[in-house]
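> Let me begin by handing over the structure; questions about it come next.
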Amino acid sequence: GASDDAVSCAVMLEILNTLSKSSEPLQHAVIFLFNGAEENILQASHGFITQHEWAKSIRAFINLEAAGVGGKELVFQTGPENPWLVQAYVVAAKHPFASVVAQEIFQSGIIPADTDFRIYRDFGNVPGIDLAFIENGYIYHTEYDTSDRILTDSIQRAGDNILAVLKYLATSDKLAKSFEYRHGNVVFFDVLGLFVLAYPARVGTIMNYITAAIAFLYLSKKVLQPRTRAIHNLKKFFTAFSLTLISWVCTLVTVLIVAVFISVIGRSLSWYTHFYVSVFLYGTAAAAKLILVHTLAKKFFYKNMNEQYLGDIFFDASLMIWSIALAVITQMGLCSAFICTLWVAFPLLTKLMIHKEFSQKGASMKFVMMYMLGMFVPYLYMMYLSWTVFEMFTPIMGRSGSEILPDVVLAGFIVVITMILSSYFINFIYLVKSTKTTLITLTTVFVVTLILVCSGIFFPYSSDAANPKPKRVFLQHTSRRFHDLDGNMVKSDSGIWINGFDYNGISHITPHVPEINDTIRTPCEEQAPFCGLPWILPVHFMFRLVKNWYLPAPEIFPRSPIHFKVLSKELMPWNSMRLSFEVSGPSHMSLYVRPHEGSALSTWSFGDGMPVASLGGDYFVFYSHGLQATPWHFWVELTAPEKHSDGIVSLAIAAHYFFGEDQKTPQLYALLERFPNWTFSSGWSCTYDLFVF
């Protein structure tokens with residue numbers, strides 16, 4: 001909890017201290033909101049923005065988050081719209097680190113996370129800035145996230161940035177009339193942490209289309225001149241264009257086959273602790289395959305063609321691909337299209353400046369130097385961006401569930417980056433005499449790494465005190481009771497339900513705890529919602545049942561058991577049935593609802609009354625309360641067919657004992673003690689009761 005979110009609280013207190021002692025007057029009031037319940041599905045922020053008397057006066061917010069431990073804090077969300085907010089960060093932040101690419105990745109939903117930003121945006125209609133520490137996500141949300149791991153430089157940096165932006169906003173004229181400046185999105189990105197470039201998205205769109213148009217104009221002039229050779233040139237050009245795309249597809253397919261093979265043989269995540277392994281395994285394979293395809297094309301397809309002509313035409317083919325990508329991504333409305341602009345504008349300028357050297361025989365030193373210089377900006381920025389993406393995504397692969405093949409995701413990333421970085425170097429394959437040495441070197445590195453990975457020499461996890469990379473495991477000591485339509489208990493069992501948070505499951509744990517093995521895989525109770533399992537959150541789609549385990553264990557008897565009572569059953573108009581319930585139990589409970597075939601859940605007493613189904617069609621409600629709370633009352637209303645001999649709905653309730661004397665049973669403690677030191681395990685007790693009505 002040091003990074004998420006104690007360090008932000010410390011920064012806020014320090015800023016509060018500084019501002020309160022400052023003689024400089026502020027034009028606008030600043031609210032310091034130390035809200036809790038963020039991990040409890042963003043409840044406190046929702047309570048504040050929907051119910052507090054100050055909420056209506058808020059014009060903007062800065063949300064302090066963490067997705068890692070320390071390092072630089074990244075601006076990964078802004079707005080919606082309100083470009084003046086980004087401008088405030090651009091002008092005021094002393095050590096900027098911001099990217100619209102991060103914003104579009106996060107808002108696409110591919111990162112399994114959420115922040116209070118969404119609550120203020122969606123329920124308060126307030127724009128803001130979302131900042132998060134992203135370094136070392138391996139230990140985020142683990143016992144290793146302690147204050148001694150967060151460097152004072154990191155805290156100082158965050159404080160400098162946030163205080164400067166806050167002062168700027170609190171003395172800004174735009175804040176009072178923010179609604180006048182609200183329209184338009186912004187393209188923004190920092191340049192190596194030195195400064196931020198930001199401009200309106202509509203300006204970006206115009207720039208992008210102009211850049212693409214100039215490139216298309218240049219290419220069409222090049223291909224269609226002289227007119228007598230236009231058809232011949234077009235054929236040659238589209239052959240090079242197709243070959244480039246074919247080489248990319250071949251590379252992607254080859255590397256993904258390697259990644260799937262690694263996953264199937266149980267060597268997934270071998271790069272989790274040793275990142276260089278992924279580059280040596282997938283990076284060399286990608287580069288070797290690309291070079292091989294073009295070397296074969298040069299040798300057999302372009303047998304006696306002029307090398308300079310080939311180099312020139314493959315450069316133009318890459319320019320064409322980037323120009324098309326630029327036009328398409330801009331058309332999709334994505335601000336990240338600025339990356340394509342870099343990859344069109346700089347290479348095109350380079351080509352126009354050294355076009356004479358392009359036609360000279362052999363790649364001279366002067367030509368190579370000029371070429372590299374022209375490509376310097378897009379290459380440098382791409383390397384910088386790639387590193388940021390890897391720094392964020394690699395640790396996420398250790399907590400992305402058992403459904404996603406992390407090696408396939410990372411291999412895909414590496415292939416895409418290899419394709420981008422090599423796009424304007426494919427032409428050199430046709431300009432150099434031989435690629436033999438390069439191919440042999442890359443293939444050797446790949447084969448040696450593959451053999452080492454297959455042998456299991458690279459253990460995925462680490463308990464190194466200075467730099468731990470633990471495996472995450474969830475354990476719930478569960479007692480389950482299943483009741484029929486008459487209220488009789490037809491089945492009950494107890495066990496410790498085990499979920500490994502990554503693709504490897506528990507294969508690495510079995511040698512240490514032999515009874516956790518593949519013979520105790522969790523069976524799905526088909527008739528029950530969510531397979532009859534006490535999910536704390538509806539994240540079942542991230543975990544396959546073949547990748548979680550149910551170890552038989554004694555029944556648990558919580559000191560404060562759950563009490564579940566049907567208050568009434570009412571027949572409503574339009575053949576609907578309303579069932580009212582009363583529940584009392586611990587502070588965290590999950591309710592699962594599955595209407596039977598022919599029945600439908602039409603309304604309920606939660607939220608706006610419109611039921612929202614989880615993936616798979618079951619309904620999930622998360623309920624939490626303070627230490628002292630009156631019983632929970634709720635109702636559900638279902639439409640049902642005339643005949644329903646097996647009932648109209650299955651309803652289950654799980655009680656989670658997250659703290660206090662009921663949290664861990666002696667059996668759970670004993671099991672956790674035997675887990676190896678490179679694991680980080682979260683354990684608690686829970687009960688699950690299923691009823692049919």
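From the backbone N, Cα and C atoms, a Cβ is placed for every residue, glycine too.
All TrEMBL annotations are machine predictions without curation.
What TrEMBL records for this protein is below:
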- 1-165: domain 'Peptidase M28' (DOMAIN)
- 234-454: domain 'Endoplasmic reticulum metallopeptidase 1/1-A TM' (DOMAIN)
- 468-691: domain 'Endoplasmic reticulum metallopeptidase 1-like C-terminal' (DOMAIN)
- 191-219: transmembrane segment (TRANSMEM)
- 240-265: transmembrane segment (TRANSMEM)
- 271-297: transmembrane segment (TRANSMEM)
- 367-390: transmembrane segment (TRANSMEM)
- 410-432: transmembrane segment (TRANSMEM)
- 439-461: transmembrane segment (TRANSMEM)
> Cβ pairs under 8 Å only, please: of the recorded stretches 271-297, 367-390, 410-432, which one is richest in them relative to the transmembrane segment (439-461)?
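Ranked by Cβ pairs under 8 Å, first place goes to 271-297.
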> For the transmembrane segment (410-432), find every same-chain residue at least 6 residues outside the stretch whose CB is under 8 Å from a CB in it, and list them.
244, 247-248, 251-252, 255-256, 258-259, 271, 278-279, 282-283, 286-287, 290-291, 294-295, 298, 302, 307-308, 310-312, 314-315, 317-318, 321-322, 343, 347, 362-363, 375, 379, 382-383, 386, 389-390, 393-394, 397
> May I ask for the residues of the chain that lie six or more residues beyond the transmembrane segment (271-297) and have a Cβ under 8 Å from a Cβ within it?
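Answer is 138, 243, 246-248, 250-251, 254-255, 258-259, 262, 314, 390, 394, 397-398, 406, 410-411, 414-415, 418-419, 422, 426, 429-430, 435, 438-439, 442-443, 445-446, 449-450, 453, 458-462, 469.
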> Averaged over the whole of the domain 'Endoplasmic reticulum metallopeptidase 1/1-A TM' (234-454), what is the pLDDT?
93
